[in-house]
Amino acid sequence: MRSKKMTGGLEKAPHRSLLYALGLSKDEVNRPLIGICNAANEIIPGHVHLHTITRAVKDGVRLAGGVPMEFPAIGVCDGLAMNHTGMRYSLPSREIIADSIEIMATAHPFDALVLIPNCDKIVPGMLMAALRLNIPTIVISGGPMLAGRKDGKKVDLITVFEGVGQVKTGNMTEDELTVLEQSACPTCGSCSGMFTANSMNCLSETIGLALPGNGTIPAVMAERTRLAKAAGSQIMTLLEKDIKPRDIVTEKSLKNAVTMDMALGCSTNTVLHLPAIFNEAGLKLDLTVFDEISRNTPNLCKLSPAGPDHIEDLNAAGGIQGVMAELSKTGRIELDPMTVTGKTVGENLKELNAGVKDHKIVRPVDDPYSTEGGIAVLFGNIAEDGCVVKQSAVAPEMMKRTCNAKVFNSEEEAVEAILGNQIVKGDAVVILYEGPKGGPGMREMLTPTSAIAGMGLGADVALITDGRFSGGTRGAAIGHVSPEAASGGAIGLVQTGDVIEIDIPGRSINVKLDEAEMEKRRAEFKPIEKEMPSAFLKRYSQNVTSASTGAIYKK
């Protein structure tokens with residue numbers, strides 16, 4: 001066992017003495033030691049209940065003969081960090097989480113790991129660590145929040161963000177907004193739509209590093225606790241069979257992940273996280289792969305923000321296994337990859353008798369919402385390395401549109417202009433210097449996109465940025481523009497008054513300038529150098545790569 005590095009032999013008597021100080025018995029010291037990484041804290045609604053999940057995991061480990069040993073992980077709530085300097089720390093926290101788990105599991109050589117995340121950057125950070133360490137590992141998330149209810153309709157956090165814009169336009173009173181904000185998030189759990197956290201939890205299940213049900217069983221259900229107990233027991237089986245993350249994460253599981261990403265209509269943040277995760281397994285996933293698979297994958301779901309349904313509805317409709325079964329009817333799912341059940345994807349689908357139970361929530365594969373996937377990748381003279389848009393959440397009027405650029409050098413400047421009624425129909429709000437390097441930290445632009453939607457401009461105004469978006473963003477929100485402005489990217493050459501041509505079906509985005517004018521501006525262009533708010537963010541800015549490669553660290 002790996003733990004024998006610290007428990008076995010004469011020379012390890014001092015190590016055993018320290019373990020006895022924890023209250024362990026001699027029998028426990030000689031059993032498999034299972035690291036339990038618990039990301040619980042009291043500030044994130046998606047993590048406030050993870051101690052309950054952790055207790056169930058520990059029970060499962062003990063039932064199967066192991067010794068659970070808990071250690072913590074940090075986490076950032078993107079909703080609470082939104083629209084202030086705290087958002088600069090969200091994406092960088094992904095690398096810190098991966099690094100800290102590597103440190104803990106190497107300094108203390110556990111035999112296996114159970115990872116307990118739930119929200120946006122914690123899930124990919126833990127998956128990156130799992131593949132980097134490559135010891136038997138299983139992921140069990142905290143589960144999604146239930147949707148709220150107001151006036152007989154389902155509401156969620158994005159409803160509140162958009163409510164701010166509605167108040168600004170006089171379409172909602174502040175008293176109504178107060179009722180809404182107290183109704184939208186009724187339980188613990190990751191925010192209830194197909195936002196980033198739930199996107200990543202669903203894809204963890206798809207990839208095979210989490211048990212069936214992990215992506216969709218609500219946080220408040222007893223079934224979630226039972227799943228956690230099962231995960232604790234199953235890690236002992238994975239240890240016994242020596243099934244490791246890189247046995248599970250292969251080229252075929254990569255294809256499954258991107259296919260499900262497109263069918264479900266997941267967050268554009270998956271285009272950052274999946275390349276970073278697969279990179280740890282030595283697999284390359286670039287934007288062209290996303291686009292190729294998107295063109296050949298039907299979009300079967302329109303969950304919030306694209307539609308009125310939520311993760312609880314997807315769970316009742318058959319969950320992730322149901323969607324995979326539906327896609328497998330046309331050969332779009334690889335059935336061979338191993339999973340943490342100890343069985344292949346195909347064996348899981350057969351054993352569970354998986355299928356879609358409600359075709360109002362998950363459309364039939366031969367009658368999809370669209371014949372293409374939820375995310376499109378665009379290229380052009382302002383995005384030579386690409387940019388992304390959640391096309392499943394774009395109004396038909398904005399799929400192909402010519403817009404007038406209004407350029408801002410920060411999110412704050414753009415929000416002030418939007419809420420100050422300076423943006424009109426036909427505009428493209430262009431926000432520069434919000435990329436991984438230039439932000440630094442690649443902040444989410446949920447506040448400006450929600451303001452645009454809430455003010456009734458979602459079908460007439462685009463937002464283009466080298467920053468990124470919340471999974472709750474809807475509308476013509478085109479992000480991850482690469483190269484970013486801070487790296488000298490052509491997006492930085494765009495000026496207010498320029499005409500931008502957006503063609504999502506044609507996969508292009510261009511500023512309408514001749515090459516001579518582009519070269520003239522390029523020769524005169526000097527990227528703005530921001531004063532770094534901290535030494536940590538300065539180090540991050542110096543070491544992070546482009547959004548087009550997953551915003552991972554330089555080698």
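Each Cβ is built from the backbone N, Cα and C atoms, and glycine gets one as well.
Note that the structure is a prediction, hence the values are computed from the model and not measured.
Pulled from Swiss-Prot, these are the features on record:
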ACT_SITE  Ser470  active site, proton acceptor
BINDING   Asp78, Asp120, Lys121, Glu444  Mg(2+) binding site
BINDING   Cys119, Cys191  [2Fe-2S] cluster binding site
MOD_RES   Lys121  N6-carboxylysine
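Reported as a whole number, the C-alpha separation between the residue listed as 'active site, proton acceptor' and Asp120 (Mg(2+) binding site) equals 9 Å.
The record gives Asp78, Asp120, Lys121, Glu444 for Mg(2+). Within 8 Å of the mean position of their Cβ atoms, the other Cβ atoms in that chain belong to Val76, Ala81, Met87, Ser90, Leu91, Cys119, Thr196, Ala197, Asn269, Ser470. In the three-state DSSP reading, Asp78 (Mg(2+) binding site) counts as helix.
In terms of local Cβ density within 10 Å, Asp120 ranks first among the binding-site residues Asp78, Asp120, Glu444. The two recorded residues Asp78 (Mg(2+) binding site) and Cys119 ([2Fe-2S] cluster binding site) have their Cα atoms spaced 8 Å from each other.
Neighbour count (other Cβ atoms within 10 Å of the Cβ, all protein chains): 28 for Lys121 (Mg(2+) binding site).
Comparing C-alpha positions, Cys191 ([2Fe-2S] cluster binding site) sits nearest to Asp120 among the binding-site residues Asp120, Lys121, Glu444.
Close to Cys119 ([2Fe-2S] cluster binding site) in the fold, though at least 6 residues off in sequence, lie Ile44, Gly46, His47, Gly75, Val76, Cys77, Asp78, Ser190, Ala197, each with a CB less than 8 Å from its CB.
For Cys191 ([2Fe-2S] cluster binding site), the Cβ neighbour count at a 10 Å cut-off comes to 30, with all displayed protein chains included.
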